[in-house]
Amino acid sequence: MGNLLVVSLDRLASAVSSPCHVVMVGLDNSGKTSLMYKAKLKELIKVHPTMAFNVECVNATKKLKYKIWDIGGRESNRPLWKAYVRKTEGVVFVVDSTDSSRFEEARHELFNLLNSESAKLNQVPVLVLANKQDCIGALSPDMLANELNLSALNERHLWHVEPTSAYVGEGFVEGLKTLGRMIAQCRGEHLKDSNEEKTPKPLRRNRSSKKKRSRSRKGSTGSYEGILI
């Protein structure tokens, strides 16, 4: 599928539908809902485990808008993911990067979804959010990509790993911008970004973000108490 070209975000908005329809999934307690509402409301709110789904519109830029379907991550909800992702333009998969005991479970659920014939996700871009980066013990995007074996997606999906923190409020919008670029490339859009560096390094489908995030000295319990789902 080639390299992911850097494109103008304003021109990108005209290359994708508005709002762009994406589905956000992940295991329970990964922080999906908290990330979405932090980006939308600009404040961290206490949320409850999502029993079904939430739908919100979030702006990545003034012109690039997303309609995000946030689907519950409990085990009983996961069979429903396949129904929600049909005709989606991108999949956002959120992982608690501090919980190594559930990486294998997360990998299984992600591949189960992407490989499902009924979901019809072949060639659909995948944005993985390495969440809770503000917490001690959070795995880096590169290490998380290895844990999830994302290189196995190379033949059928563009993908990117973005470090995020709902507590700090970083990474989510940046990830959505990258997702938009992947969607545009899948549509054959080759646009030059005049707002980026003159000689930007192309993003590749098998490379995760190497942005460094500052981490608090507090443990994950103190930072994420009451922030679920």
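Cβ atoms here come from the backbone N, Cα and C positions, even for glycine.
Predicted automatically and left uncurated, TrEMBL annotations should be read as such.
Taking the Cβ of K132 (GTP binding site) as centre and 10 Å as the limit, one finds 32 other Cβ atoms among all the protein chains shown. According to TrEMBL, the GTP binding site annotation covers G26, L27, D28, N29, S30, G31, K32, T33, G73, N131, K132, Q133, D134.
Cβ-based neighbour count (10 Å, all protein chains) for T33 (Mg(2+) binding site) stands at 25. Look at T33 (Mg(2+) binding site): DSSP puts it in a helix. The feature Mg(2+) binding site is assigned by TrEMBL to T33, T50.
According to TrEMBL, the region 'Disordered' annotation covers 190-229.
The compositional bias 'Basic and acidic residues' annotation in TrEMBL covers 190-200.
The compositional bias 'Basic residues' annotation in TrEMBL covers 201-218.
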Other CB atoms, at most 10 A from the CB of G73 (GTP binding site): 25
Neighbour count (Cβ, 10 Å) for D134 (GTP binding site): 24
